[in-house]
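Features reported for this protein in TrEMBL:
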- 187-615: domain 'Peptidase S53' (DOMAIN)
- 267: active site, charge relay system (ACT_SITE)
- 271: active site, charge relay system (ACT_SITE)
- 528: active site, charge relay system (ACT_SITE)
């Protein structure tokens with residue numbers, strides 16, 4: 001007998017009326033051969049040794065490549081007809097890859113081989129229609145043709161809400177400061193970041209290429225306050241006073257200003273104060289996803305970039321939809337997208353993760369770079385939860401290591417965190433042009449009077465296999481003589497999958513960023529500071545390439561692993577560990593190569609620029 005299992009985050013509600021009509025939407029699977037071909041094409045256009053480097057696809061070519069097979073349409077439609085479904089109530093969309101049909105409740109349950117029930121979200125009020133049992137396989141003749149099936153009541157739109165865990169951080173008051181008097185050994189500012197990573201300071205004559213773009217993802221309720229931006233820019237980048245991010249609304253996205261709080265404002269201030277300063281004079285966009293009542297996430301952002309994804313990738317179990325539907329293909333994606341948010345892989349179904357990750361692959365084909373923070377709780381998720389080995393779902397503070405998404409997607413560039421390796425209690429004062437920066441080590445931070453220790457998110461995916469571009473680097477790391485026994489014991493104990501996608505790919509400093517928020521200058525730490533810093537660097541490289549008549553860099557991982565790691569473009573980070581899930585020393589940093597705590601190391605912008613300008 002099937003087990004009665006509620007979807008994660010939902011509780012069984014009232015039974016569905018016996019006379020209700022149900023809409024079943026069969027989202028057609030994209031054949032693995034099409035995905036493999038696209039991944040191979042992305043590798044060719046992203047591989048610096050390939051004659052196809054930089055030859056990105058158009059939107060039309062991407063849409064044509066991923067159009068579901070007509071054979072799948074015929075098979076599913078024929079099965080519905082033979083099962084007694086009313087053909088007059090079928091709706092086929094070949095372009096968007098779906099077949100939907102309206103059926104009486106009893107007929108819908110007969111087709112699925114499972115009873116349907118309404119569920120209510122744990123955070124109150126929203127409803128979902130789903131099978132009562134956790135096993136409801138489709139017939140063999142269509143099982144390989146269908147990605148997944150959505151059910152909804154015809155007379156009741158589904159508008160579930162999905163919480164978004166945002167990067168944890170530490171905010172401490174800091175006296176008024178200016179760039180000229182700042183000690184870069186204690187605090188980070190735009191000027192300190194430039195000095196640390198060899199980024200040239202902007203000049204008054206600088207202009208950005210009109211086709212260049214950088215966007216920052218923000219979910220519902222998170223917003224920036226103009227006065228806070230100007231206060232920061234007055235201290236560190238006066239040229240930016242009065243400039244604002246361009247808001248790109250998705251699914252009712254708007255600048256929420258009714259509630260001013262660090263919960264809602266700190267992350268946006270961090271993201272935009274640093275991305276705008278470091279990418280200057282390039283304008284920065286605010287990809288604002290979600291309304292007052294409906295939380296936004298990266299999947300809904302992806303739907304706004306691709307109308308096909310609205311019908312082939314949106315899942316009401318996880319995605320909070322507006323009553324009148326979601327934005328579908330309304331936005332052109334920026335050339336660089338920064339995501340300072342992380343979700344536990346274990347919170348979602350594998351098909352949902354794979355479908356969303358496929359959209360990141362498509363963005364790479366289009367020439368867009370997607371950058372994601374890895375999180376601040378080491379091998380655990382942003383709530384410090386781990387993976388329950390018996391269920392594969394988020395569990396207690398111990399258990400299997402839990403990968404963070406979207407950083408774990410192989411078509412995203414995952415950015416971890418580091419800090420300057422200064423001796424404890426050092427009184428050395430930074431002097432520009434005189435005092436050199438020490439090497440960096442893995443980020444490790446403990447808030448005052450608190451027991452929580454923050455370390456950079458890093459490890460291996462349970463969902464995605466090791467991609468070809470990092471296979472050699474991952475295998476080399478796992479076989480390091482100094483750490484091989486330790487890592488083998490963790491793997492044998494079920495803590496992580498050595499065949500999974502390893503992350504991060506690269507890191508930048510994550511400690512003590514000065515941010516103006518709440519009417520004062522404070523320090524903020526975490527990898528959500530690291531992501532927009534690296535995103536700004538990539539945007540500046542794009543600007544130089546576009547001005548030279550070249551294509552944007554697009555998906556950067558093959559270049560980072562294939563060329564940059566062996567050049568002056570990346571600096572090795574050889575010390576430190578991350579922790580989590582009951583293991584105080586989980587993944588170690590290693591000398592001379594990739595590791596699962598700092599990735600390939602930290603960037604040298606001058607080296608990155610020279611390397612990418614030298615490519616076709």
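Cβ atoms are placed via backbone N, Cα and C, with glycine included.
Highest local Cβ density among the active-site residues 267, 528 belongs to 528, counted as other Cβ atoms within 10 Å over all protein chains shown.
Under DSSP, residue 271 (active site, charge relay system) is assigned to a helix (H, G or I) in the three-state scheme. In the three-state DSSP assignment, the secondary structure recorded for residue 528 (active site, charge relay system) is helix.
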